[in-house]
Amino acid sequence: MAKRLLVAYGLWALGGPLGLHHLYLGRDSHALLWMLTLGGFGAGWLWDFWHLPGWVAAANGAGAPGERGGTVPALSPLRLAGQVTVGTYFGLVAALGLPWVPALLAQPLAVGLGVQLVSSVGDQTAEAPGVLAAAFLASLLFQGRVLAVLPASLAACVAAQRHRRYKPRGAPRPRLAARLYHLGLACLAFAAPLAYRGLCGAAGVLGTLLALPRAATELLLLPLRAGGLLAEGLGLAGGAPAREGGTGFDPRSGSERQQRAYEVLGLPAGSAAEDVHRSYRELVKLWHPDHNRHRAEEAERRFIELQEAYEELAGPRR
């Protein structure tokens, strides 16, 4: 069926950034490129306005034979710039949307596919194995870092230019349903990682938004808490309950001191008060410094221990 220029311009105006006019003219590679880059980042869509008459004529078979000069297409600086740009763009998308895939696999593969896609626009193409091999080798030299997408894209572009050729003429065109199916799979493969990454980012943003009310409450209560701490520090507000009867002692440490006191007095734990007094009087006489001048230091130490032990055991009973 003959293609109409008016229909092509209508599709260009309504869905140009999505490549509907290229899909109408049978330029599926160009249509896919426009779908993934939104019309060549907008600039390519505007550029199409002047080329639509020639593309419609080529789709209708008019003037096609005279357009090819030789067996190898001429070098196009515009196509080369597009290959570098799209290859770098695809590599960055892979680094962003596929962080769980090794960089040495995802990034050069995406770069090579981007360069190959631009190489296949129109009536030209390139050898895909050579383009992918150049991208992988360049990425390997830079150890798969994110900055390797640019040199990998340049290497893939050089390989694509060296192996550029025309598409064979007279090849049967698939049906529209099969073409749409293939384009849909390609768009899904490109958009799915980005959509997953976007959902993960949206979940993080949602968690942050849900935590905002609590953070706002804590911020509003901050002056009150600071005032309470200041009042407590100045003694104007009750803090920890004061200990009664001086510093006080830990019950466990007091029990240990009493056990030690009984041992110093030579008595079993829990002895009666009379036994404590009797043992204290006997030991004090035995270890009094005046009676032990030949071992004054030891006697003085034992005398002080007896005094402390007696005060520990007999003090609470007084």
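Every residue gets a Cβ built from N, Cα and C, even glycine.
Listed in TrEMBL for this protein:
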TRANSMEM  7-25  transmembrane segment
TRANSMEM  31-50  transmembrane segment
TRANSMEM  89-111  transmembrane segment
TRANSMEM  131-159  transmembrane segment
TRANSMEM  180-199  transmembrane segment
DOMAIN    260-318  domain 'J'
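Here the domain 'J' (260-318) is broken down by DSSP into helix, strand and coil counts: 45 helix, 0 strand, 14 coil.
Only residues 6 or more beyond the boundaries of the transmembrane segment (7-25), in the same chain, are considered here, and those with a CB under 8 A from a CB of the stretch are 31-35, 38-39, 42, 45, 48-49, 52, 55-56, 58-59, 179, 183. Under 8 Å from some Cβ of the transmembrane segment (131-159) lie the Cβ atoms of residues 80, 83-84, 87-88, 91-92, 95, 102-104, 107-109, 111-116, 119, all in the same chain and six or more residues away from its ends.
Note on the transmembrane segment (89-111): residues 37, 132, 135-136, 138-140, 143-146, 148-149, 152-153, 156, 190, 193-194, 196-197 of its chain, located 6 or more positions outside it, place their CB under 8 angstroms from a CB of the stretch. Sequence-distant contacts of the transmembrane segment (180-199) (same chain, at least 6 residues past either end, Cβ-Cβ under 8 Å): 23, 28, 31-32, 35-36, 93-94, 96-99, 174.
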